[in-house]
Amino acid sequence: MEVESPEERSPAPGYKRSGRRYKCLSCTKTFPNAPRAARHAATHGLADCTEEMAEAKLKPETDPKAEDASGDKVSGAAAKPRPYACPLCPKAYKTAPELRSHGRSHTGEKPFPCPECGRRFMQPVCLRVHLASHAGELPFRCAHCPKAYGALSKLKIHQRGHTGERPYTCADCGKSFADPSVFRKHRRTHAGLRPYSCERCGKAYAELKDLRNHERSHTGERPFLCSECGKSFSRSSSLTCHQRIHAAQKPYRCPACGKGFTQLSSYQSHERTHSGEKPFLCPRCGRMFSDPSSFRRHQRAHEGVKPYRCEKCGKDFRQPADLAMHRRVHTGDRPFKCLQCDKTFVASWDLKRHALVHSGQRPFRCEECGRAFAERASLTKHSRVHSGERPFHCNACGKSFVVSSSLRKHERTHRSSEATGAPPQQELVVGLALPVSMAGEGPAAPASGAALGDPPAGLLGLPSESGGVMATQWQVVGMTVEHVECQDAGVGEAPGPLGAAGEVGGEEVDEKPPQFVCRECKETFSTLTLLRRHERSHPELRPFHCTQCGKSFSDRAGLRKHSRTHSSVRPYTCPHCPKAFLSASDLRKHERTHPVPIGTPTPLEPLVALLGMPEEGPA
């Protein structure tokens, strides 16, 4: 092939001639001839940009006699007119064929099909590159992973994922990109060009293909099928990432801990766990996030938007992944199986959490009391016992809670009162009945509405070594009191604010709890939870049957636990003795029978610190 000299062709816009080479004014790279300079210009978006964008790339000292890529004269900052303007975006073109070619990016038209596999393309040059993959012509191979490409430009973009190079920086928000096409798409978001809107949820997109991908989250269409396991996906990129799992490919590896990842975005989010960086700030509550997906999910919680609806039961969800997981409840699909006990799970993280039960690993340790946890979320909840943080607030009454599940339970009291027309129930938190020697010591306990909305972890049914009586549970009744201290004699009696039954501070309480009636037997219950639990006792509401003995259960988990009695599988082994158990709850009960080593913090210590009560010293 004959190489053209710089005199035979003029440089592309944004370039100046330096001797016999062409220098890019955007990134200072140099090229020996005009064709290579023109190809590089496309990576900066100069091949099909408007006059205004081209002028921004041209420096004042650009040669006024320079010509653009098509051979047209460029005089100073003015270029040849572009009479063919796109009606959907600010781009303009010199010829009608160029405009028609550009219009396919808006319409999604792909008139060039591949004769081998049927895949279609918008431009003939894209088809030619694709055909090289069928012919096995992939001469450009990555040195870091087994991936190969038919074009050098594709390889260079791919290699930036390994090196972390992101040469395309947005002037408006500072975000940087490795792929010029992704950069151009991002620029449209600042221009506000989102002409394609979803008819179901109103979400708008800059390109038609993005709208098509989004619509599959509503329809449930998953046209991309994995040939290894049969799993289907709504996006081709998701299938590509999934196939790396079968090939054991993790091209993105963390230099700090050595952990590998199949996706660049997952690797970048992981890096922030080492640096502690949380760049995504919620403007409503000030909470910060390390990855954009968690941030978007959190924002939907504020907005209350749940655009993804189950077609079988009508339940709405914020994320398409949540809807896909919910559908498994209807289909009974539990694809994640434990290799040690054959237990199956709906979600992969449920399996990972369950695996810690067998391994006994508790890698997350509290710096205050030394207690260890299998999950980071459990440690986060536990740390609030020490800090007193209660981040979950009720919008109806202002009460705050340590964990979100307690807030949801509390909110049901407001919803049930609205359904029955009765005034909302107020929650009574009966304080822990401390040993007699501790009763009355220390400062007064805080009001129930501000302090002890939830029992701290590990404080249910604690025995008292000194003979005092401790409450076995936290109770909810239809009244509010300051604090209750149970004495050694007469657990049912409570001095102070709580007097005789039905009286609070000497005043009678005549509020009746709401009544919930069973449809089958007309029995009444004080809470909706008790009613639902009772309804499962009816035979017609116990749909899960044991095939060996015929016993029926109200949920699938109960049937799985029961089936182990037939198979003699006891997957939960005590780390202190050879005993094994059918369920994790039975194992936890058994572990309490083993003596606690001296020096191990007791579960009572965090509560004592929270209440501000002095610990008993030696007599």
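Every residue gets a Cβ built from N, Cα and C, even glycine.
Quantities reported herein were computed from a predicted structural model and do not represent experimental measurements.
Annotated features, as they stand in Swiss-Prot:
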MOD_RES   Met1  N-acetylmethionine
MOD_RES   Ser10  phosphoserine
ZN_FING   22-44  zinc finger
COMPBIAS  54-71  compositional bias 'Basic and acidic residues'
ZN_FING   84-106  zinc finger
ZN_FING   112-134  zinc finger
ZN_FING   140-162  zinc finger
ZN_FING   168-190  zinc finger
ZN_FING   224-246  zinc finger
ZN_FING   252-274  zinc finger
ZN_FING   280-302  zinc finger
ZN_FING   308-330  zinc finger
ZN_FING   336-358  zinc finger
ZN_FING   364-386  zinc finger
MOD_RES   Ser387  phosphoserine
ZN_FING   572-594  zinc finger
Taking a Cβ cut-off under 8 Å, which residues six or more beyond the ends of the zinc finger (252-274) line up next to it in the same chain?
161-162, 241, 244-245, 290-291
Taking only the residues in the zinc finger (364-386), give me the average pLDDT of this model.
85
I'd like the per-state residue tally for the zinc finger (224-246) from DSSP, helix first, then strand, then coil.
11 helix, 4 strand, 8 coil
Cβ contacts under 8 Å made by the zinc finger (308-330) with residues that lie 6+ beyond its boundaries:
217-218, 220, 234, 297, 300-301, 346-347
With the zinc finger (112-134) as the reference, find which of 84-106, 168-190, 224-246, 364-386, 572-594 contributes the most Cβ pairs under 8 Å.
84-106
With DSSP as the reference, give the number of residues of the zinc finger (252-274) in helix, strand and coil.
11 helix, 4 strand, 8 coil
For the zinc finger (572-594), what are the same-chain contacts with Cβ under 8 Å, counting residues 6+ beyond its ends?
357-358, 360, 561, 564-565
